[in-house]
Every structure is written in C-alpha cells, then in structure tokens.
Amino acid sequence: MSELEESSANENLTKEGTDGYDNTYDNVFSTAESYYIDRVGIIPVALLGIVGNLVSLAVWNSQTTYNATILLFKYLAVWDTAFLVSVIPFIFVYEVNPWSKPSIVLNTFSLLAKLESLHTTLLIAFTRWLAVYRPVHVHTGSLLKLRHVVLACLVVLVWCLAISAVFMTFNLLPEPTAEWVYGWTAVHIVGLAFPVLPLIVFNVLLLIKIRTPFSPTSTKSEQQQSSTWGSTQRLTVAILSMSAFSVVAYTIGETTTVVHWLGHWSDGGDLFITLQSSFGLLQVVNSSVNVVFYFAFSRNFRSSSTKCFSRWVLRGRAVSAGHRGPHSEDKGDSSSSRTATETVAL
C-alpha cells in the first residue's frame, strides 16, 4: 500500500458520520449504503433465517425412514444456520478493524459455511437427478446408500476446509498486496463460482425430466414409477428453486466481489462496495429461504410440520399442567385441613 493510500486511510479513521454511521474505512471497506444494508437488511434476515432453518431441521429430524435427499436437507440446514450465525458478529467486528484476528476467524468460518452450503446444494441436485433418472436403482437401494451420502459429505468437507485454510493464510498476511488480491480472488472463483456450473447442468436436466417424465417408448417398470414421480415432482421443483437462488447469489454476487477487489487497488469505487453488500444480503436470503420452499412444494414437510407442531403444543400443555398440578393439590389439601379444623371447632 502506497503512502498516499495509507494517509487516506488514516484520514478516514478520524472522520465521524451522522445518523449513527461511523465513517471508519469509508471508501475503502464500507460506505454509508453498505452500512445500512448490513444493519437493516442482513441482520434481520439472518435472524429470521436462523429460526427457519431450526424449524426445518426439527421437522426433517422427525422423519424415521432414511432418505438421501432429506439427510442432505438436514445437513444443509446445519451449515446455513452456521453461516447466518457467523455473519452477524462478523459485521460488527469487521467495522472495527477488518484485519483483526477475530474478523479474520469469523470471515474464514463464514466462507467455510458458504462453501458447505453451496456444495451441499450441489449434492442435493445430484441426488435428485439420480432419483428421477434412475428411480429403480434408488428404490432398491443400489444407489444413494447411507454410506455413499456420508462419504460424499466428508469429501466435500475436506475440500471446503482446504479452501478455507488457503483463504485464512492469505488473510493473515501482514499487509495486503496485489498477490493477496489475486489469491483471494482465486479462492472465491474456485470455491464459489466453479460449483455453480455443474449445479446449472443438473438443474437443466431436472427441468427436462419434469417436462417429459416418461417417453412413449418407456419400459413397463419405468411406467410403474410414474405415480411415484408424480408424488415427488413438487419436491424437485423445491430443489430447483433452491438451486436457482444459489446460482444467482453466488454467480452474480461473487463476480461483483471479484471485480471490486481487482479494481480496488486502482480506483476503489464505492459502487462495487455497495453492490458487494447487496449480494451479501442475497447470500443471506439464499441461506434463509429454504424453509419457504419446503412449505410451498413439499407435502411431506407440511404434514410432518403439522405433526411436530401438534406434538410441541401437547408437550407444552403437559408441562404447564405438571407445574399447576402440585399447586392444585396443595390448595386442595389446605382446603381439606381447613374444613376439618372448622368441623372440630363446631
């Protein structure tokens, strides 16, 4: 960083804004627009998303039979919740000092959660593609066994941890340089942009299958699966909707981020900083909206959520009745003793 840039950054550190906005690192790491996007947009949506993901996780956990897609739904809810939980403190820590150790740790964990969320969405699209193109093999258990899904999740976890480790290494450099920018850009392209390509491919194949589930020359065994396909078609639409949000959030969003960082050292435009916060909000929405798709398109999720809600209500009533029971008994005992005393007195 040149002396001119250092002096400009030091001047920004001393400026105080109005309406509660502190101009710390203004025009370098944040703007007034991005500040309010974080406060008014990202934080409330993240809180709502945490609640929604916990609800979806509880509902899917009520399923007793094994299903590869549902297992990945639960895995996705865990990492989406982790991302939403990490993004809230990161906003406050980043505004104080973007290069502090807590900021770097939270940023790295947030990246790991985003990587896991995107790659898990890719796994969900892949398993759905197998389920609709090879329904007999999936139904008989020759494909998508539990060990297959667990192994795939472990491979994805190792891959995401490796990318996150490289990302943290670049962030721990004593001073940002051009090499840091290029390395940071490469991490985001490899980790968040490339997985979108196969995700688009599987979505296109699923769309084709939805339009033409069975051809006139389908075999008898395939035609017998038509009723099963019809009952799960809405779930496929939910997965397509989830994938579409991921494609928009991580393709356009990461492209904007990369362009911002590549152009930052030359002119540092405020527009790209605001756009980066806007697409950060879109990524938060992407990790928060899945429960809406489950309710809208999955009959199984709606019925399971109704049963879970009824169970929670009955359990709450039982607990409240248990708290009232001893007091009622004590009240009854005191009334009986008082009556006995009055009888003796008479």
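Any Cβ shown, glycine's included, is placed from N, Cα and C.
Those TrEMBL annotations? Automatic predictions, nothing curated.
Quick look at what TrEMBL lists:
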type     : residues : note
TRANSMEM : 40-60    : transmembrane segment
DOMAIN   : 52-294   : domain 'G-protein coupled receptors family 1 profile'
TRANSMEM : 72-92    : transmembrane segment
TRANSMEM : 104-127  : transmembrane segment
TRANSMEM : 148-170  : transmembrane segment
TRANSMEM : 182-208  : transmembrane segment
TRANSMEM : 235-253  : transmembrane segment
TRANSMEM : 273-297  : transmembrane segment
REGION   : 321-346  : region 'Disordered'
COMPBIAS : 334-346  : compositional bias 'Polar residues'
Stretch contact, the transmembrane segment (273-297) with the transmembrane segment (40-60), Cβ-Cβ under 8 Å, 3+ pairs: yes
Non-local residues, at least 6 beyond the ends, that sit with Cβ under 8 Å of the transmembrane segment (235-253): 69, 114, 117-118, 121, 124-125, 128, 132, 192-193, 195-196, 199-200, 202-203, 206-207, 209-210, 276, 279-280, 282-283, 285-286, 289-290, 293-294, 296-298, 300
Other parts of the chain folded back onto the transmembrane segment (40-60), taken as Cβ under 8 Å at six or more residues beyond its ends: 70, 73-74, 77-78, 80-81, 84-85, 87-88, 91, 277, 280-281, 284-285, 287-292, 294, 301, 304-305, 308
Tertiary contacts of the transmembrane segment (104-127) (same chain, 6+ residues out, Cβ under 8 Å): 68-69, 72-73, 75-76, 79-80, 82-83, 86-87, 89-90, 93-94, 144, 149, 152-153, 156-157, 159-161, 163-164, 167-168, 171-172, 187, 191-192, 195-196, 198-199, 202-203, 206, 239, 242-243, 246, 250, 283, 286-287
